[in-house]
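Following: one structure in structure tokens, then a few remarks.
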Amino acid sequence: MVPQFLLSFSLILSFLLYCPPTLAQSPAAAPGPPGPANVTKILEKGSQFSVFTRLLKATREDVTLNGQLNNTNNAITIFAPSDSAFSSLKPGTLNSLNDQEKAELVQFHIIPQYLSSSQFQTVSNPLTTQAGSGGRLELNVTTAGNSVNITTGLTNTSVSGTIYTDNQLAVYQVDKVLLPVDIFTPKPPPPAPAPEKTKKGSKSAESPDTSVDNSGAVTLNVLDNAVLFGVGIVAVIFSL
């Protein structure tokens with residue numbers, strides 16, 4: 001009995017010595033606050049905005065937008081044309097644009113403020129876009145019930161759905177590309193240069209010469225007459 005007891009005791013002691021103590025697991029760390037929304041990822045998730053996403057990347061406007069959204073003081077609203085909207089453009093429309101015009105076209109679809117669907121009813125026209133506002137970059141929004149209509153002077157379309165919205169970013173789908181007048185109509189010719197003004201003093205500089213010439217002519221006429229008169233008198237005297 002004693003040897004069996006000693007054997008059992010030694011086995012228990014060995015187990016306690018060689019088995020590491022079990023540590024209590026610490027609770028999982030709480031997830032941090034969500035980062036700013038990524039515009040291109042939102043559009044890619046929508047799966048029908050590949051052309052607009054390509055334009056954002058090609059013009060580097062995606063970098064600008066994501067940088068703006070990293071600052072919580074900035075807010076953005078985007079009107080994203082669907083792929084079918086780009087398909088309805090005339091063939092070669094995008095290829096005819098230079099890099100600056102492509103960037104302006106993308107910026108024309110971006111409003112530097114957050115607009116919820118209800119705010120479209122009270123927003124002031126024309127809207128300011130990332131490309132500018134008014135004149136040849138005019139963008140107006142009107143509402144009728146739940147319908148939001150957008151006009152540019154060349155495009156008339158409406159918001160057909162909400163892709164994404166939070167308190168900083170709103171992305172809405174539009175079924176036509178918003179065409180700004182500034183790109184898709186001929187620019188007015190530059191104003192003609194003003195006629196050169198006559199230099200002051202030019203007339204006055206010429207007048208003395210004219211007066212001198214005239215006075216000289218008068219003097220010569222008087223001398224000629226006097227000579228003739230004198231010759232006439234001498235001829236009369238010799239004739240007597």
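Placement of Cβ uses the backbone N, Cα and C atoms for every residue, glycine included.
Listed features, source TrEMBL:
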- 1-24: signal peptide (SIGNAL)
- 36-178: domain 'FAS1' (DOMAIN)
- 185-216: region 'Disordered' (REGION)
- 204-216: compositional bias 'Polar residues' (COMPBIAS)
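Per-residue confidence over the domain 'FAS1' (36-178) averages 94 (mean pLDDT, predicted model).
Across the range of the domain 'FAS1' (36-178), the DSSP-based residue counts are 48 helix, 36 strand, 59 coil.
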